[in-house]
Amino acid sequence: MLSLLRCCQRSLSWIPVIFINLIVGWSYYAYVVELCILTIPNNAEKVSYLVVFHLFFIMFIWSYWKTICSRPANPSKEFCLPKVEKEQYEKEEHPDTQQEILKKVVVGLPVYTRTGTGAVRYCDHCLVIKPDRCHHCSTCDMCVLKMDHHCPWVNNCVGFSNYKFFVLFLAYSMLYCAFIAATVLQYFIKFWTNQLPDTHAKFHVLFLFFVAAMFFISILSLFSYHLWLVGKNRTTIEAFRAPVFRNGPDKNGFSLGFSRNMAEVFGDQKKYWMFPIYSSHGDGNSFVTRLVNLDPEQIAVGLQINGKRSFLVCFLSFPIQ
């Protein structure tokens with residue numbers, strides 16, 4: 001029964017994606033056929049519109065399906081409890097003792113964030129110690145590295161593996177809608193004022209303008225918000241609830257300055273920034289962070305990991321206590 005319900009849930013979760021694809025498919029037909037081929041008389045204008053339209057269309061579809069098809073990244077095996085500690089944890093009934101077990105294991109891991117009460121973040125569903133910025137998605141039923149949110153419009157979790165693709169999807173969908181609305185406007189006015197013959201193309205053009213304008217306004221606000229998040233090096237979750245380090249909450253704990261924040265999502269090579277090709281920094285299991293009032297134990301862990309994997313810790317010029 002549970003498997004049947006889960007199967008139905010997975011099937012229904014594709015409805016928003018199907019809806020978006022139907023809208024995009026209709027917009028392609030309405031713009032290419034009804035507007036460009038059947039309505040616009042000037043060939044030069046027709047060709048130039050079609051070339052730019054297909055450029056935005058290809059980039060939009062490419063980034064959209066990359067966001068959908070990129071599997072959410074999960075914590076690596078090193079964040080699983082060793083066999084002995086796992087048995088001890090499962091047998092132990094007292095939360096305080098369980099935390100002591102987790103604290104011994106986490107000493108050798110690049111984990112600096114805690115729960116609101118200061119406890120080690122552990123997922124009882126996935127049986128892993130959560131890396132920094134990792135959260136469990138109840139919809140995907142897995143822990144997702146650098147989880148931002150679960151997006152029903154792509155039927156996927158937006159996180160470390162596809163956040164760049166998601167931002168590009170917003171950018172190109174916004175440009176797609178803006179271009180359609182801008183080029184359709186004059187013909188929308190002509191149809192409205194009866195300057196063009198009253199054909200079936202009229203209704204496609206009228207609805208095309210309204211739909212494009214409506215989606216442009218809604219996507220613009222979402223795209224602006226995520227650009228702000230990228231500039232601050234925060235996820236949507238962290239924007240609502242600041243990450244908690246051992247010394248307390250710090251909303252700017254992962255911020256490294258605007259240029260480095262941008263590079264963490266889009267990479268160092270700017271020639272790849274505009275393409276939905278993976279170029280983000282790191283592996284999602286550890287992140288560059290500035291740790292205020294770091295204690296000696298954390299320094300030792302950071303130095304140990306820096307020798308084993310290129311894990312970098314940036315220190316502010318605060319005295320160590």
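The chain as shown is numbered from 1 upward.
Here the Cβ of each residue, glycine as well, is placed from N, Cα and C on the backbone.
Note that the structure is a prediction, hence the values are computed from the model and not measured.
As annotated by TrEMBL, transmembrane segment applies to 12-31, 47-65, 165-189, 201-225. Under the heading domain 'Palmitoyltransferase DHHC', TrEMBL lists 121-240.
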Positions on the same chain near the transmembrane segment (201-225), where near means CB under 8 A and six or more residues out: 23, 27, 29-31, 34-35, 38-39, 167, 170-171, 173-174, 177-178, 180-181, 184-185, 187-188, 191-192
Per-region confidence, the domain 'Palmitoyltransferase DHHC' (121-240) (mean pLDDT, whole number): 94
DSSP-derived helix, strand and coil totals, residue by residue, for the domain 'Palmitoyltransferase DHHC' (121-240): 67 helix, 16 strand, 37 coil
